Amino acid sequence: MAHLPRRTHSILLILSFQICFSTIFAVFGSVFQEEFSEELLLKPLPDRKVLAHFHFETTAPPLSTSHGRHHHLFPKAIAQLVQKFHVKEMELSFTQGRWNYDRWGGFDPISSSNAKPPGVELWAVFDVPKDQVDASWKNLTHTLSGLFCASINFLESSTTYSAHEWGFHPSSGGLRYGTLPREAVCTENLTPWLKLLPCRDKAGLSALLDRPSIYRGFYHSQRLHLTSSEFHSSSVESGIVLEQALTVVLQPNSHKTSKTFSSETKLQPSWSLSSIFGRKVTGRCVLAKTSNVYLQLERGLVTELENLQKDNTITGPDHVGSGGLKDNPGFELSVRPDKMYKEVNSLHRKSSSVLYEYSIERYSVFEPFDLGLTWKFPVVWSCPRAPLHSSRFLMGSGNQRGTIAISFISTDLEEGFLSANIGEESCKLQADIFQVVPWYIKVYYHTLRVFVDGQPEAITNVVEKMHVSPSEDKVSPGVMELVLKFPCAVKSAALTLEFDKGFLHIDEYPPDANQGFDIPSAVIIFPNFQTSMHYLEDNSSNKSPMLSKFQEKSPVLSYTEVLLVPLTTPDFSMPYNVITITCTVFALYFGSLLNVLRRRVGEEERILKNSASKKAGRLPQLLSRLSAKLRGKEWEPPQSPSTSSSFISSKLLLKVLIVAGVAVFWQYYSE
Amino acid sequence: MGDSESESEAPKVKLRPIVRLGMFLISHSHLLSVVCCTAGVLTLLLLPLLAKNTYISENALMPGSANPMLSSQEVSEANGLVKDLTNLDLKPMASGIESQRLIAQYMSNLGAEVSFQKFYPQSNQFHPLHFFSSPDSATIRENISCSSFGLNTVGIIRAPRGDGKEAIVLVTPYNSEKIGLGEALSLGIAYSVFSLLTRVTWLAKDIIWVVADSKYGEYAAVDAWLRDYYIPVFSGLGTQYAEMCHGLEENTITERNMRDGFKRAGTMAAALVIKVVDRSEQFEDSLSIYAEASNGQMPNLDLINIVNYLAVHRQGLRIKVEKMWSLLNCKWLMILGEILESLGHLAKSLNPQWKFGIPAADYVEGTATLASSLYYQALGIPTGPHGAFRDYQVDAITLEISSRVSSNNKGRQNDFLLRGGRLIEGVIRSVNNLLEKFHQSFFLYLLTSPSKFLSVGVYMIAFALLVASLPMVAASLYAHANNLDPSFEKNKSNHPASAANELGITLRSWKWLYAAKKVLVVHLWGAVVLLLPYFICQIPNCTPTTSFVVWVLLSIFSLLILFWILGSPFYYVNASQPQQREWALLKSVTISAAFIGLCLMSVINFATAEIGALLMVPMCLMAHPLKLDVKSRKLRKFSRVACNLALGFIGFPPTAFLVFKGVFEGFDGISVSDFWNWLESIWAWSSATYLYIGMIHLPCWILCIHVILHPC
């Protein structure tokens, strides 16, 4: 009888939650509805490429309020997975290519949540007792591996995943993190991912996903993020939220006509949906609640365009743009946007980014949606970058030892920006590092050295907090979590850690001589810097899930490069040599051992004494005869009659001669 | 032990076969050593016959399986760069940094990441303490002036879908102060490939293009870049100087790229150094491959194979490797080649399946190539900038394309750029296909022609035969000296060994320790001689001749001092023991030391050991006191005396060097300073050959001379 009050309580809570955060639930009057929304964000990038970010979100109400285990839209596989393994939160990403933090941005929600390390990254928070977390993780990896046709099950072994305290994602113990940098990502991983969508790729925005064109891109990352509050520990029950995002960076086909290598800047390539994807949007997925396409213009671009507009107004006063950038001089849009949002500028920057919204509800097969962007003037802008550009590399050569170095170089951040965030005095720039190193790279954590602006610095001055769990051979990887505080005026900084390369057991090597072993990406987090883009909207009730996602405050996050460590590798292609050597050694050993064991010295000597007086061996006899002949003396046969033995030897000689003759004969006449 | 017991009881007892074999070898050591030595030399001469054709061992490389994508469009872009560079050179006002800026502009227009790397020239100095140590970043730069620095330009293409773990390096050295046409063309070739690679979709590894500023030498520039890549310095002098010398550049792009710091791209899979030389006497474009790195290390044979395959079968370039040109006109070599050819014909007529004969001209050419291959490996000095890569275990070769391009013939230049670019593209594509590192083919080999090689299993035979006689002779000498010769034993086996005799034998058997001490002292002296040049270099204003003379004098002086201090070990045992035994024991220990030294050296640098064995083994084997030979007036003895003197003359490293130099390059204008210069270059590159000469060859020579002049 305690059910009813608890339910009402939870409903109340949800309602309050809704009011506070204006989340996605307030739609057709009913809270307990499964919902699906599809959105696409397009963004021109400074280096003549286009970013396309697909965002699909499916929500299921809590189990207690829905119709048992039956779902309308929500994928059953995911729901079962959540039920079975008590997953509180999970993120799985498949990535091909590297995100270019310098050119594609490192300070916006897209880059910090969608730029992922190459290969597979998986982390999950479980809502189970601590001793069952590992078992749940193992089961989860196997399930996901089956679901997504990938070898995620390799994350099962304890050498590949790690549990950490606070470095990467704030959680309370039940978190496991693992990456597979070597995993190749292809369409076989995309298809199951698309199967989770209610319309698959048959209708709606996902129909744009033409495999050849998206895999031809420069970056491809498909991500699946899952939050659930099914279980008793959380007070808010929002059900399961499944967020699927696909981020691709594509190069529009620029016609090679304008290839001039003069110093003047080139016109950005113009593009349209049909030119970059090879398809058009032929209507929305009818099951989707919202189905929108956005075009985002970055701050830098908007500033440049405004400058351009100002120049134009000076020269020609008839172009006074009243409606913002709607009829700007820089580019032209083929479809007129339905709405335009401006970013709410909290930090008093010069300008703010602009978002155009297209609702594709009114488009159909007969009137497909094909957004095109044509540049009219060459524009050069730069994207917002993370406060420090981080890169990681290996130092040293050879097969014995090396050094991992992480270097930070400050990017061009406006001065006021830094000081606006933190107080003027004792200004510190915080950077968190989370790094997992496989056990065969034996990192000596005591060799950690920090250099700031080219000067060695005491670790205690820079490192605020540190958590290290050293690796254990064949059991667990080494995990390092660091909180660094640099002075704000830092220009460059570097961290070095020395390591020894370990030896693998013979069955741990890949089957052939390999290129090396990977050290997964380190995660660099700047917790003082929050990425959030707040767009001013007219009616806050009908908020799109993607924009609310952008609005969430999350720290700036970047991944470093994957490193390749060549380890000493035995040459497995020649096991034959080993077999031969072993057999020879064995034969020699056993031969001599047997010889020693069965030898009876006294007996032998007696026999030898007897025989020495009688006769010499056959071969010495022959030899002595030969030498006697050479010396021209008469050969004197030994005293004892040895006719039988000489007879045998001549017979043998005859046999050998006959065989040799036959062989020579055969050799000549066989040809 | 069991043997000796049984000997005393039953004299006719059969010994174990292995002991009998050893006794047989020792008793016939004279004959066997002569046979082994001649066989070793003969095998060396036969090596060109035994060379096998090269083949692509790693299937994943698949050279030439794809059509070249480099088109005339890239070539015309590259032509633009070549023209701009040559125009820049004509301008009187062009400063050094101007050309780097131009190249950087071209690179960044392609969408590559550009960075500059500033380095200061380092004088090659002899550091006796870190001779074998890896390249050290912390070397003290004493005399850096801000004006004298080199500036490398580095462009990186990130593979669109790659994971950035591996990279392929292209290096084009050029002199930023004076850009010749050849250098401009090499930049053009690299640029055409680079611009193609920014667009291709098949790239799996990043591409690094290093435009090395060879103002202070090609090797120095590449080495400086590699040092910054592998062993960067985060603090200390380097950065301080960089800050001190700042303010030279005002261009924003340059400034920003310099500050953005050093760009990296993963582990290097392979490196190609591209050079173009103007050789107007050539009738067609040809390609020379240089592969020898420090201490005779070679890149994987597959890398050479790809280049060879693509150049010959795809681009129709004539391919060359270095040859000893003077050997080509050798009469005796020609005759030998003809003899071998006729032998091959004979064998073929006997059995058509025996195919070992090659034409005499091929034989001579193969021998010349083999000789140069051996020489450059033995020298231990890298033959080009690729040597810097080998120090970091990266396979690298230098491709030197010689062209007949003149600046006015546009069509020819286009054709040349197209062919060169396609060759480089093909090689890069092959290496790009590679999933693993280079491991499949050989690392230890000698080339006899671009498409023929000798693997370690084959060329080892010659060395093994040469060296095999040494332990045998040493053992037989020892046995003779101790009267332990089995033949003696056999003769007087009947009379029982008395206790006194036993004692005498034990005393005599320990006598070799005196000889060993002497040998050790002389080898120590060799180490001292090795260190002397370090001090001689400190003397200011020294011509090579004077420093050589000083070195020789100091060496002799130190030898005398050493004997004086250690109580003149030469005459220590004279009184108690007969002289004859003494020299035999000394020779035996010397030979053993030489054997051990040669075997050790063959592991470090095979070619040095091979050449050293050719010089040393006959000398060691022949060494015999002159006094004994002169006493007995026989023709055989006199010939031995002559041989000894000749070998002793040739065995002395300076005379050996000068004689060989004279034979190959003509005797006019040869002086002792050449040897000093040669030696200086060897130690400046910290080659193991230097150690070999000082620690093994020179002491052995001294000991052999001592044996020859032994007073007995």
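Yeah, the Cβs are placed from backbone N, Cα and C, and that goes for glycine too.
Residues or ranges marked as transmembrane segment in TrEMBL: B:21-51 (among others). Residues 15, 336, 340, 344, 356-358, 362-363, 366-367, 370, 446, 448-449, 452-454, 458-459, 461-469, 472-473, 475-476, 479, 485-487, 610, 613-614, 617-618, 621 of the same chain sit 6 or more residues outside the transmembrane segment (B:21-51) yet have a Cβ under 8 Å from a Cβ within it.
Taken from TrEMBL, the feature transmembrane segment applies to B:456-479 (among others).
Tertiary neighbourhood of the transmembrane segment (B:519-536): same-chain residues 126, 128, 542, 547, 550-551, 554-555, 558-559, 562-563, 566, 569, 586, 589-590, 593, 679-680, 683, 690-691, 694-696, 698-699, 702-703, selected by CB-CB distance under 8 Å and a gap of 6+ residues from either end. Feature annotation from TrEMBL assigns transmembrane segment to B:519-536 (among others).
Summarising the annotation, TrEMBL assigns transmembrane segment to B:548-572 (among others).
What TrEMBL lists as transmembrane segment is B:584-605 (among others). Sequence-distant contacts of the transmembrane segment (B:584-605) (same chain, six or more residues past either end, CB-CB distance under 8 Å): 295-296, 377-378, 380, 463, 467, 470-471, 473-475, 477-478, 480-481, 511-512, 514-516, 518-519, 523, 612-613, 616-617, 620-621, 623, 687-689, 692, 695-696, 699-700, 703-704, 706-707, 710.
Listed by sequence, the residues of this chain that lie at least six past the ends of the transmembrane segment (B:611-630) yet keep a Cβ under 8 A from its Cβ atoms are 33, 37, 40-41, 44, 374-375, 378, 463, 466-467, 469-470, 473, 580, 583, 587, 590-591, 594, 598, 601, 637-638, 640-641, 643-644, 647-648, 650-651, 656, 692, 696-697, 700-701, 704, 707-712. Look at TrEMBL and you will find B:611-630 (among others) tagged as transmembrane segment.
Marked as transmembrane segment by TrEMBL: B:642-664 (among others). Under 8 Å from some Cβ of the transmembrane segment (B:642-664) lie the Cβ atoms of residues 324, 326-327, 615-616, 618-619, 622-624, 626, 629, 670, 672, 674-675, 678, 693, 697-698, 700-701, 704-705, 708, all in the same chain and six or more residues away from its ends.
Look at TrEMBL and you will find B:684-709 (among others) tagged as transmembrane segment. When Cβ-Cβ distances below 8 Å are used as the criterion, the transmembrane segment (B:684-709) is approached by residues 124-126, 131-132, 294-295, 378-382, 518-519, 522-523, 525-527, 529-530, 559, 570, 583, 586-587, 590, 593-594, 597-598, 601, 604-605, 608-609, 612, 615-616, 619-620, 623-626, 644-645, 648, 651-653 of the same chain, each at least six residues removed from its ends.
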Handout entry: Same-chain residues near the transmembrane segment (B:456-479), Cβ under 8 Å, at least 6 residues beyond its ends
Key = 22, 25-27, 29-30, 32-34, 36-37, 39-41, 43-44, 47, 50-52, 442, 444-446, 485-486, 512, 584-585, 587-589, 591-592, 594-595, 598-599, 602, 606, 609-610, 613-614, 617, 620-621
